[in-house]
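Let me begin by presenting the structure, written as structure tokens, before commenting on it.
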């Protein structure tokens, strides 16, 4: 047996910490501008409408979906430093492009679309990060490392809007540097800050990151894409075929998990505006607080599942997480008799034009900066009569909504971590870059399709149909989990090299 030295152990974990940082910066790159995209888009290109905003939001996930398998394949055959540095450099360049989208005299919205797509393309390094962590940890370390990775990702999503809020102090005008053709304002400063963080990340990858691999028992060996670190162990540790049934099943489960959470994020603002007669400003403010609390709850859950999984196992926790998500959406179904306030009554009383349906379904981040025209003293509130279900569907009480938020905020991070952990263990010691790329791509696809699904079903059929279908999807995923439950075991356990 090859025993890991103390020096190798420290170097291995320093590299893993660099991967945590890369994951954190990847999520910051998505969320640091998300609240200001809509007002910035309106400022640089008045021809852009709400539907084009949807494409800009989705372009990040599309870019990540395309790039993840490509970077994963690259990392299987070359030192991982290469795809990590190139992907981060793409994100840095894309952020700089975003800061200059105001310069062209026309088609500015397409430059913004390109910039966000390239930021997403650079975020395809998530597959490289997770595949490296899977290969650089033993089975006993894997759950904790995957939980830490997800926690860093969650913290990035939480802090991104906080950074954005701090930069609003610069104002819309800010400072103009003519010799650089650059306007440093509340819209461009966040992306330039993100570019600076990316440059720091590249420096740390060169200075600290080293390629390490260990087998499921923690013994170091040289990988096929190593640049010299590690030691050799017996080749039979990688012999055996991967259980592709389990791999496909986990991809399906991960897609459903990301899909339902994307639905949850998207539906928050229009649902609360329809049910509780909140104004746009109130809906953005209150839901922003709720989502921030859920983010903090998720980080706590990531920390708790690490010791808990050692007692119960990852499969049982994944099962419990899916059940919690199911209960969360089941609670959201309209059960009472009271109908929501109808918006046409407000229109009749105040003679104010109703809100356009496209605005009602815009994601909460795109509504934050929107202001009513100065000649409006109030905005129409309640459930718009154009949504015919408002006339016969009972309202969802606030207690239902809050309870659902808490449960989904508990179940989602559990499912997220356990999916990645089980996936990496099923794949075993062989290079996981491509497989992690497909898993990341399935999650990105879910984040694209989720908002499209809910906007159509919710608008035309209402919350009862939307949440019933989501419950059905979660039940189906539970059935898939039951079918493959016994197959979701570590590669080494499957071939009798370790006890479960």
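Heads up, the Cβ atoms here are built off N, Cα and C, so glycines get one too.
What TrEMBL lists as domain 'Major facilitator superfamily (MFS) profile' is 15-489. Across all of the domain 'Major facilitator superfamily (MFS) profile' (15-489), the predicted model scores a mean pLDDT of 81.
Same-chain residues lying 6+ beyond the ends of the transmembrane segment (17-40) with a Cβ under 8 Å from its Cβ atoms: 53, 56-57, 60, 84, 88, 91, 95, 98, 112, 116, 119-120, 122-123, 125-126, 129, 132-133, 148-149, 152-161, 163-165, 186-187, 190-191, 193-194, 197-198, 201, 204-205, 208-209, 362, 365-370. Marked as transmembrane segment by TrEMBL: 17-40 (among others).
Here TrEMBL flags 52-72 (among others) as transmembrane segment. With a cut-off of 8 Å between Cβ atoms, the residues of this chain six or more beyond the transmembrane segment (52-72) that come close are 30, 34, 37-38, 41, 83, 87, 109, 112-113, 116-128, 131, 362-363, 366, 432-438, 440-441, 444-445, 447-448, 451.
Feature annotation from TrEMBL assigns transmembrane segment to 84-101 (among others).
According to TrEMBL, the feature transmembrane segment maps to 113-133 (among others).
The transmembrane segment annotation in TrEMBL covers 154-171 (among others).
The transmembrane segment annotation in TrEMBL covers 191-209 (among others).
Here the transmembrane segment (245-264) has long-range neighbours at 318, 322, 325, 329, 408, 412, 415-416, 419, 422-423, 426-427, 435, 438-439, 442-443, 445-447, 449-451, 453-454, 466, 470, 473-474, 476-477, 480-481, 483-484, 487-488, meaning same-chain residues at least 6 beyond its ends whose C-beta is under 8 angstroms from one of its own. Under the heading transmembrane segment, TrEMBL lists 245-264 (among others).
Beyond the transmembrane segment (284-305), the same-chain residues lying 6 or more positions past its ends with a Cβ under 8 Å from any Cβ of the stretch are 143, 147-148, 150-151, 154-155, 157-158, 161, 265, 268-269, 272, 278, 317, 364-365, 367-368, 402, 405-406, 408-410, 412-414, 417-418. Annotation source TrEMBL lists transmembrane segment at 284-305 (among others).
Annotation comment: TrEMBL describes 317-336 (among others) as transmembrane segment.
If you look up TrEMBL, you'll see 401-423 (among others) marked as transmembrane segment. Non-local neighbours of the transmembrane segment (401-423) in the same chain are 130, 142-143, 146-147, 149-150, 154, 247, 250, 253-254, 257, 260-261, 264, 271-272, 275, 290, 293-294, 297-298, 301-302, 305, 309, 314-315, 317-318, 320-325, 327-329, 331-332, 435-436, 439, 488; each lies 6+ residues outside the stretch with a CB under 8 Å from one of its CB atoms.
According to TrEMBL, the transmembrane segment annotation covers 435-459 (among others).
For 465-485 (among others), the entry in TrEMBL reads transmembrane segment.
Below 8 angstroms of C-beta separation, residues 253, 257, 260, 305, 308-309, 393-397, 400-401, 403-408, 410-412, 414-415, 418-419, 422, 463-464, 467-468, 470-471, 474-475, 477-478, 481, 485 of the same chain, each at least six residues beyond the ends of the transmembrane segment (317-336), sit close to that stretch. Long-range Cβ contacts of the transmembrane segment (84-101) within its own chain (Cβ-Cβ under 8 Å, at least 6 residues beyond either end) map to 22, 25-26, 29, 33, 44, 67, 71, 108, 111-112, 114-119, 121-125, 128-129, 181-182, 188, 191-192, 194-195, 198-199, 201-202, 205-206, 209.
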